[in-house]
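Structure first, then comments.
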Amino acid sequence: MPRPLHLGVALDGAGWHPQAWRTSDLAAGELFTAAYWTRLARRADEARLDLLTIEDAFAQQTAAPFTPDDRRDQVRGRLDAGIIASFLAPLTRSIGLVPTLSTTHSEPFHLATAVQTLDYASRGRAGWRPKVSADPREARQFGRRDIPAPDFARFQDPTNPLLLELFGEAAEVIEAGRQLWDSWQDDAIIRDVATGRFIDRDRVHRIGFEGEHFSVESASIMPRSPQGQPLVTVLAHARIPYELAAGGADVVYVTPHDEADAVRILGEVREAERAVGRADRIHLDRPLEVWADAVVLLDDSVDAARAALAELEQFDGAAFTSDALIHAGTAESLAEQLLAWQRLGYDGVRLRPARLPADLDRIADDLVPLLRDAGVLDRPDATTLRGRLGLSRPASRYATDHSSPELEEQSA
Amino acid sequence: MTAERRQVHLAAHFPGVNSTTVWSDPTAQSQVEFSSFEHFARTAERGFFDYLFLAEGLRLREHRGEIHDLDVVGRPNTLGILAAVAAVTRHIGVVGTLSSTFNEPAELARQLATLDHLSGGRAGWNVVTSSDAFHGGNFRRGGFLPHPERYERASEFVALAKKLWDSWDDDAVLGDAAAGEFLRAGAVHDVRHRGKHFDVDARSTVPRSPQGRPIIVQAGDSPDGRDFAAEHAEVIFSRHAEFDDGRRFYSDVKGRLAGRGRSEDSLLILPAVSFVLGDSPADAEEKAREISLQQISKPTAITFLEQVWNRDLSAYDADGPLPEVDPDPGEQITRGWARAFEENQAKIAAWRAKADAEKLSIRQLVIAVANRHGFVGTAAHVASEIDRYVQNRASDGFVVVGHLTPHGLDEFADAVIPELQERGVYRTEYAEGATLRENLGLPAPHRLTDQIGATA
């Protein structure tokens, strides 16, 4: 039987092309409604995709990264991804829900409990995409810290001090979150009427997290959630973010543009795992799942897809560019691409529909059956997101296991 | 006649993390599983409540240096659970307690506006002003805010949030595909704020929400808190549930409104109240006694005294007499409670006198002084009391606190609501598509336009 290929979809606005709203049947204002998000999530859920991610940022979209503009022809405005994900939890059945949440400006404690709450509300389908907010406009919305204008020439530079600071903080946010998620042992709630105790407080642990950027003293306010450790996923394009993923995430989304690129990136991810000592980290004993990202625009023929893309580009007055590969073609040509990545060692793909809901519909109606026929969509019989991806449910790091003195030491 | 009667407003308080909530009852279920929230919210909606109300936890409470283990412990992230509740309800408001100290306006305003969009105009925010180092220990800046500045920050926080909520014109999303105009020209306004607590430049990412702004609720009771309420609040979650005291509070706060150009009906006062229903008055009294014994277990009674005495009293028997030792004036041994435990010699002396006179044990005394139930009686009696408070301006309604998760509201919805409807003081259906503000009968907010500038 072939290895599974995990399949996610990245939701954002009217799709990843900024002019997609102009070719949609929906009114622009519908992007900000419950009906729209429910429709997208249910479509992805019914197609049995493994997860959906929701993009987010505190600042408005721009045509070019980090370059403020006053354009009104592209989609502007977004709802908060964390709130959307929680709203979708009771409205979906099997799909993982993975909001983008900022590690730079949000409170680590709120993030950790928000993800746990999502895990409860979805009955074990929560994940998150921690995201560094490097845009100075976002910092100005908070007014708490200065973030200088980005130096594009140094975005790949592994010694870039700003990136080292922001990603170092992100690593701490993930680590503090994982500790909070473990802070209640699974058996902490005892409801012992005889002694009047609701919890056994020896099984609830103050984490006492002390980082360079912040500290968190106490335990989570939430009992341990259905997955114990909700799924952590990171989008990464360079050495510093690869190491963030290797040191704290379960899944990394990467952006190969061709086969050589795909091979090179996979090698860099594995190297980053060695560099951070992933194998020795709590709850990270498995190698990172490596997923390739691609923007997809699908039609009945390659020519029709290219024509649709050309129309969007004409609306925009610019060629469409992306950090990820742009695949304008058919479901068949996309399936070939995805299976080629899988043969190179990739574990999954995250598809970014250029147009919503059109390209999500194509994924559900056309791509999923092709991948099913290829035998790569078989999943374990599991109700949680971790379970779907073949990840076990780890015991709390604080759980007392007398056969494992190492673990006891860590809980002291 | 009935048309002239003042209408009752009700909020449903999800059972909290305190000794009111009985977890030891055989019917009590999880305080964190979503099914509990769903059941409670659906029951409240079945009873045509105005909104579901959630308290907030930012740190597990501690007593004598350890996590307090006698009450229900653990609760969800407020915003996350409200969003999920909004998805399984259609009419009822979703109102949560959120700190203005351990959040930032840009983020919280955005989250609340999102909740308002997704719920179709049902969001509300109970603004609280925690500032202590105990809670701060879980947050980036610790207990950074001097106590006197907490309302100052809260007020500036809400003022900035309002600018953000008001910064998109109602019709800003144009969506003219042919003309290529997603946004209408000049319809999104940049927010610039320079204040003592916030220095912010922002272009909001969220279109103006169905209510314009979420409902602002406030619970503080100090003079600062009352002024804050008069300035910003649309609902006060009040502690003044005794009839005469309620009337005094009602007239005090409503009297502050005119000076701020607000009408009396632009602010609702809803005291928190618990209830015990019975088939007869005697039956209800008997149930109230049983519930009190569930709420105040022997260890809980000792803990309560320890909080007031501020010292270890674990050697005492809850069924025995009050301790003879004096309270310890040292550093507080209990942290994270919503109410303060001020050491109070006079109060302790009065309790001793009461316990002596009535021959009360520790547990009996704690039940007598700290565990009063709100309305106790038949459904008809409880409905008539609620009606009496509202008609006589002791309140505009109540925040009803159930003591069981998730069934604490079932009886109330089944028995008291029909009695209120019978009296002509309570809705018999929701207006289709009404926002929370419309259900509460509150005026639409006056949109700020002068403090924000136009975009290009």
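Glycine is no exception: its Cβ is also placed from the backbone N, Cα and C atoms.
DSSP assigns B:TYR151 (FMN binding site) to a helix. Per TrEMBL, the feature FMN binding site maps to B:THR97, B:HIS147, B:TYR151, B:SER222.
Residues annotated as domain 'Luciferase-like' in TrEMBL: B:24-392. Across all of the domain 'Luciferase-like' (B:24-392), the predicted model scores a mean pLDDT of 94.
Note on the region 'Disordered' (B:202-223): residues 51, 53, 93, 95, 97, 106, 109-110, 112-117, 120-129, 151, 158, 161-162, 164-170, 172-173, 188, 190-191, 193, 229, 232-239, 435-437, 440, 442, 444-445, 447, 455 of its chain, located 6 or more positions outside it, place their CB under 8 angstroms from a CB of the stretch. Summarising the annotation, TrEMBL assigns region 'Disordered' to B:202-223.
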**Request:** Whole number in angstrom, please: the longest C-alpha to C-alpha distance across B:THR97, B:HIS147, B:TYR151, B:SER222 for FMN.
**Result:** 19
**Three-state composition of the region 'Disordered' (B:202-223), taking helix and strand from DSSP** = 1 helix, 7 strand, 14 coil
**Request:** Other Cβ atoms within 10 Å is the metric here; tell me which of the binding-site residues B:THR97, B:SER222 scores highest.
**Result:** B:THR97
**Message:** According to DSSP, does B:THR97 (FMN binding site) sit in a helix, a strand, or coil?
**Reply:** strand
**Prompt:** Taking the Cβ of B:HIS147 (FMN binding site) as the centre, how many other Cβ atoms fall within a 10 Å radius?
**Reply:** 10
**Asked** Around B:TYR151 (FMN binding site), how many other CB atoms lie within 10 A of its CB?
**Response** 22
